[in-house]
Amino acid sequence: MMNKILVVEDDKDINNLLKIILESNGYEVCQAYSGKMGIEMLNDDFDLVLLDLMMPLVSGEEMVVKMRAKNFNMPVIIITAKIDEKTKFYTFDIGADDFITKPFEKADLLNRVKANIRRYRHLNSNMSKNSILEFKNLKLYEDENRILIKGEELKVTPIEFEILKTLLKNPNKIFSKENLYRSVWNDEYFFEDDTINVHISNLRSKIKKLDTEEYIETVWAVGYRLKK
């Protein structure tokens, strides 16, 4: 079965280019030319959304918020020239999974699409496994995709959930960025950027609002692990 992708981009030339690249690599593509149109077209049949940020009426950020509020959990890759750190932190925080900057390389686009869809499929295939992971004041419920800290729900994105679950399942392991990427995205680490760092930073900030305890430790020049 072909993986289905929704491309939401108001620039018709870029939208059509994305469609050509993706369809020539075996993907089924639907096109939306505004955030409003993207929301109207969205359904559970899509395996991934490619989304521009700077669009009229309904921006890319607003579309991500609306998607997650409606419990659409498919990965969202932001594809935009708007890439400052503040924007990246905010967009990951509201539920985006990855970034591609314009102008983009075809190989980079296809690798990220493949990796995010693979992670999404892997996550869905494990949904029926019922287990609870505990660490300090935190409980992670795999089957419910839910996390509690001191009895209060920790609101996280799908990627943040997978990162925390990976660390909890390997409490004594130090993960490099490469290892963490392979574990969470279920694919090879094929690029060097701050995606992992941003997700970790957002996760720490959210945890800190519910508990002053430190949960994730940075091991200098190596990576990340649970803070004992």
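A Cβ is built for glycine as well, from the same backbone N, Cα and C atoms used for every other residue.
What TrEMBL says about a protein is an automatic prediction, not a curated fact.
Sequence annotations record features per position, and here TrEMBL assigns DNA-binding region to 130-228.
Residues annotated as domain 'Response regulatory' in TrEMBL: 4-117.
Per TrEMBL, the feature domain 'OmpR/PhoB-type' maps to 130-228. Averaged across the domain 'OmpR/PhoB-type' (130-228), the predicted model reaches a pLDDT of 89.
Taken from TrEMBL, the feature 4-aspartylphosphate applies to Asp52. Secondary structure at Asp52 (4-aspartylphosphate), as computed by DSSP, is coil.
In this view, Asp52 (4-aspartylphosphate) is surrounded by 27 other Cβ atoms within 10 Å of its Cβ, with every protein chain counted. Across the DNA-binding region (130-228), DSSP helix (H, G, I), strand (E, B) and coil residues number 35 helix, 23 strand, 41 coil. With helix defined as DSSP H, G or I and strand as E or B, the domain 'Response regulatory' (4-117) counts 51 helix, 23 strand, 40 coil.
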